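Worksheet for the structure shown next.
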Amino acid sequence: MKRIAICPGSFDPITNGHLDIIERAAPIFDEIIVAVLNNSSKQPLFSVQERMELISEVTEHLPHIKVDAFNGLLVDYASTVGADVIVRGLRAVSDFEYEMQVASINKKMNDQIETLFMMTNNQYSFLSSSIVKEAAKYGASVAGLVPPAVEEALRHKYSEGELR
């Protein structure tokens, strides 16, 4: 049976921390779907399409990676695409508390889907998309925090006057 996992997130934008988790999860599964949450209640810097394109570009070196977008409940999406594992990266104990609650609710809604927690590499334990956007907004270098393609996309966005 084919093992399909989902790495879900907003990815606004994808960071080296996200990429680290995806790269480390890739050899464990036959296929990984990097699933971009289309959350209409948020005002993202990058559109869903832009985020999907950036993720595709920075994961092109990895076999068996697909990029998709979803709305609604993650467990419903997982069932739709035939995934039986949700991969979540954890930076700190504070992440674990929230993620454990979400995993428990997901398990209650669909007991066929497991959640796999992976600890982030120490060098990315402080990293978030919000921190990256805040730094980039004020012209600080985000080299080493995001892949070069994302760094360029951020530079382009903020040179156009996007100040979210």
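Using N, Cα and C of the backbone, Cβ positions are placed for all residues, glycine too.
Note that the coordinates shown come from a computational prediction; the quantities given were computed from them, not determined experimentally.
Look at Swiss-Prot and you will find S10, F11, H18, G89, L90, R91, E99, Y124, S125, F126, L127, S128, S129, S130 tagged as ATP binding site, backed by sequence analysis. Per Swiss-Prot, substrate binding site is recorded for S10, K42, L74, R88. Positions annotated as site 'Transition state stabilizer' by Swiss-Prot: H18.
Sequence features, as recorded in Swiss-Prot, placed on the structure.
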{"residue": "S10", "record": "ATP binding site", "contacts (Cβ under 8 Å, 6+ apart)": "V36, L37, N39, K42, P44, R51, S129"}
{"residue": "H18", "record": "ATP binding site", "contacts (Cβ under 8 Å, 6+ apart)": "C7, G9, F11, G89"}
{"residue": "L74", "record": "substrate binding site", "contacts (Cβ under 8 Å, 6+ apart)": "I6, P8, A35, L37, I86, N106"}
{"residue": "R88", "record": "substrate binding site", "contacts (Cβ under 8 Å, 6+ apart)": "P8, E99, A103, T115, L116, F117, M118"}
{"residue": "L90", "record": "ATP binding site", "contacts (Cβ under 8 Å, 6+ apart)": "F96, E99, F117, M118, M119, T120"}
{"residue": "S125", "record": "ATP binding site", "contacts (Cβ under 8 Å, 6+ apart)": "R91, A92"}
{"residue": "L127", "record": "ATP binding site", "contacts (Cβ under 8 Å, 6+ apart)": "T15, N16, G17, R91, T120, L145"}
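Whole-number maximum of the Cα to Cα distances across the ATP-binding residues S10, F11, H18, G89, L90, R91, E99, Y124, S125, F126, L127, S128, S129, S130: 18 angstrom. In the structure as shown, the Cβ atom of E99 (ATP binding site) sits within 10 Å of 16 other Cβ atoms. According to DSSP, L74 (substrate binding site) sits within a helical segment. The Cβ neighbour count for K42 (substrate binding site), using a 10 Å radius over every protein chain in view, is 9.
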